[in-house]
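Note sheet for the following structure.
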């Protein structure tokens, strides 16, 4: 892309969520979301070779534009009813329900998740990374700011539905980016489950999810694999990275003692404290579905060797585009559960 | 004063009808310019002096200039003005339509309360009713103004990047 355009677009990509996060006026929050959406549209539409690729950008734009206009309408409804634009004041029921719908549409929660797998599949891996991690920041922050006005039943319903769809939808996938999309849907379900009960835990889940997803997508990018068939033979490129990919996948699934277990455990504890035991048990059972496809990727990439000759060795010519922060991210994505009290204190 | 308002309204309607019934965009732009001038004068007459100046600046100075350039680039080489009885018939029918519409809806349309400055909103607070608040945007709201300007610059670059490739660009491929 043109360097001038790239500079403006990259700085707007950072500026947008910063405006939304630091705003107390609803219009500024909306302006930040719009700047964010405008900045990412040309970035998602850079490759236009296949049919899927150039539809991904348009699908993303249409969904986000519809969500932004719904959010603007609910803001105006809020102003009409309460007479003020402050985010921290409670909203009335209609406004908060419409805001929930708009922000979950932006996040990609069920039942507004249909754009997410195809959009993540149709862009490059770095853009998948940005779409799953950075783009979730602004809508989730707005949801956390209005959490007192939100309807717990609605959010719990949406999150259970997201966990179901994230689990069952990812079972039939072979493309790794689509699997990451369904994992994103399921993790966002966990985040919004606990939103009205404890925003601290939502934030903790979000940070953990960012770490895990970033590590996984950077691993996918370094191994230059996108499908399960190429993931099978990717150990030849970097055996150590393949081994840590298994740890990362188990962490995404939420297995103890890895990092991904920490937010799930705390969420289940918080749910049982609020006497929502059946919901807690249901969400724990639904995470088994996503565990299956994580284990499947780990099985085919790390635990077993693909069918080949016996003398099967590593590639002797390595790529030299290593990411120096990837080892640090692997450590944070595997080993943070023992220092969980630190996180509770910080957050 | 009433005579001035009447004069401005008649001239406004005349120039707008000349735009609507003219066959060429060149002369249509002329009609738009003069119609906008008289529309602004009408606004001054009911008390919206600030909004009239803003309309002059943005509409005449911005959009019409751009429209005139684009018409100059794409217009036909031999533009035709009012041809004869066909356009006269069009103009007369437009005038009759406007007069008929005003007569039909006379009881519902009124400019009452247009020039008021302050209005009471449900007893909770007072709302300022004129458009001078827009000038506050440039002084008290300078941060929002900068962010809005940045958003417009960003939109320009995003649109330029989306229509960049001839046949393989993002929008063209759809």
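Any Cβ shown, glycine's included, is placed from N, Cα and C.
Annotations in TrEMBL come from automatic prediction, not curation.
Under the heading transmembrane segment, TrEMBL lists B:6-22 (among others). Counting same-chain residues at least six beyond the ends of the transmembrane segment (B:6-22), those with a Cβ under 8 angstroms from any Cβ of the stretch are 28, 31-32, 34-35, 38-39, 41-42, 45, 81-82, 87, 90-91, 94-95, 98.
If you look up TrEMBL, you'll see B:29-47 (among others) marked as transmembrane segment.
As annotated by TrEMBL, transmembrane segment applies to B:53-73 (among others). Sequence-remote contacts of a segment are chain residues at least 6 beyond its ends whose Cβ falls under 8 Å from one of its Cβ atoms, and for the transmembrane segment (B:53-73) they are 25-26, 29, 32-33, 36-37, 39-40, 43, 131, 134.
Sequence-distant contacts of the transmembrane segment (B:85-104) (same chain, at least 6 residues past either end, Cβ-Cβ under 8 Å): 13, 17-18, 20-23. As annotated by TrEMBL, transmembrane segment applies to B:85-104 (among others).
If you look up TrEMBL, you'll see B:137-163 (among others) marked as transmembrane segment.
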